[in-house]
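In what follows, a single structure is set out as structure tokens and then discussed.
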Amino acid sequence: MAQVPASGKLLVDPRYSTNDQEESILQDIITRFPNVVLMKQTAQLRAMMTIIRDKETPKEEFVFYADRLIRLLIEEALNELPFEKKEVTTPLDVSYHGVSFYSKICGVSIVRAGESMESGLRAVCRGCRIGKILIQRDETTAEPKLIYEKLPADIRDRWVMLLDPMCATAGSVCKAIEVLLRLGVKEERIIFVNILAAPQGIERVFKEYPKVRMVTAAVDICLNSRYYIVPGIGDFGDRYFGTM
């Protein structure tokens, strides 16, 4: 059995894979890219992934379970932030030695699909500032092109949760990271949070930006000829916002 940190037995849907195939992919990713944090593969997580992968799932149900999953992802990503020791006094006048967040954080969503993750971040980080980056493919060069950015003025002093539910070719996320670095954000302070990734996308992210951290719920097998993740979810933004 592949030993994946912080995970239990890897449950595999036999419709698209075998245990050995999926575990081999996950083991390879974890071994080669130590900055990838894979969520613990519990039955609850796999059940939610099954619902949002199902093409027959109606929009309302898709959004409900996607939101649940996103919140769990954000909670997992918060573990990657630095903490400092803090002592408080309980209502029983007894000291408790705990911790508190050490640094300011903000979210940055890659428009449009990344906006689906904003409410999950706000739900667990009250008052968290959120910026946006819009990236589209240049029809002439086929390369990602920055169209729009609206980010906190002090973003260089913050840890950044970069939000995009899918990591296929990683063109958009790499462009977004480029923008953040240009604005003074430290590479090691960027945490890329996504639901589903392809091995090709992960490899590109860490080839270009090895100090970034990535938190994901699942890693799939590959990309198809249209650069969709397989077995995948489909177009997450279209399904979430009902624009299919």
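Here the Cβ of each residue, glycine as well, is placed from N, Cα and C on the backbone.
Annotation comment: Swiss-Prot describes Lys59, Arg68, Tyr102, Ser103, Lys104, Ile105, Arg129, Arg158 as GTP binding site. Annotation source Swiss-Prot lists 5-phospho-alpha-D-ribose 1-diphosphate binding site at Arg112, Arg137, Asp164, Pro165, Met166, Cys167, Ala168, Thr169, Ala170, Gly171, Ser172, Asp235, citing experimental evidence. Annotation comment: Swiss-Prot describes Ile229, Gly234, Asp235, Phe236 as uracil binding site, evidence class experimental evidence.
Feature map: annotations from Swiss-Prot on the structure.
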residue : record                                              : DSSP class
Arg68   : GTP binding site                                    : helix
Tyr102  : GTP binding site                                    : coil
Arg129  : GTP binding site                                    : strand
Asp164  : 5-phospho-alpha-D-ribose 1-diphosphate binding site : coil
Ser172  : 5-phospho-alpha-D-ribose 1-diphosphate binding site : helix
Gly234  : uracil binding site                                 : coil
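Compared over the binding-site residues Asp164, Asp235, the count of CB atoms lying within 10 A of a residue's CB peaks at Asp164. When the neighbouring Cβ atoms lying within 10 Å are counted for each of the binding-site residues (Ile105, Met166, Ala168, Ala170, Ile229), the highest count belongs to Ala170. Distance between Cα atoms for Lys104 (GTP binding site) and Asp164 (5-phospho-alpha-D-ribose 1-diphosphate binding site): 21 Å, as a whole number.
A simple Cβ count within 10 Å picks out one of the binding-site residues Ser103, Ser172 as the most packed, and that one is Ser172. In the three-state DSSP scheme, Lys59 (GTP binding site) is classed as helix. Within the same chain, residues at least 6 positions away in sequence whose Cβ sits under 8 Å from that of Gly234 (uracil binding site) are Lys55, Tyr228.
A separation of roughly 30 Å, to the nearest angstrom, links the Cα atoms of Ala168 (5-phospho-alpha-D-ribose 1-diphosphate binding site) and Ser103 (GTP binding site). In terms of Cα distance, none of the binding-site residues chosen from Lys59, Arg68, Arg129, Ala170, Ser172 sits within 10 Å of Phe236 (uracil binding site). For Ala170 (5-phospho-alpha-D-ribose 1-diphosphate binding site), the nearest neighbour among the listed binding-site residues (Lys59, Arg158, Ile229), judged by C-alpha distance, is Ile229.
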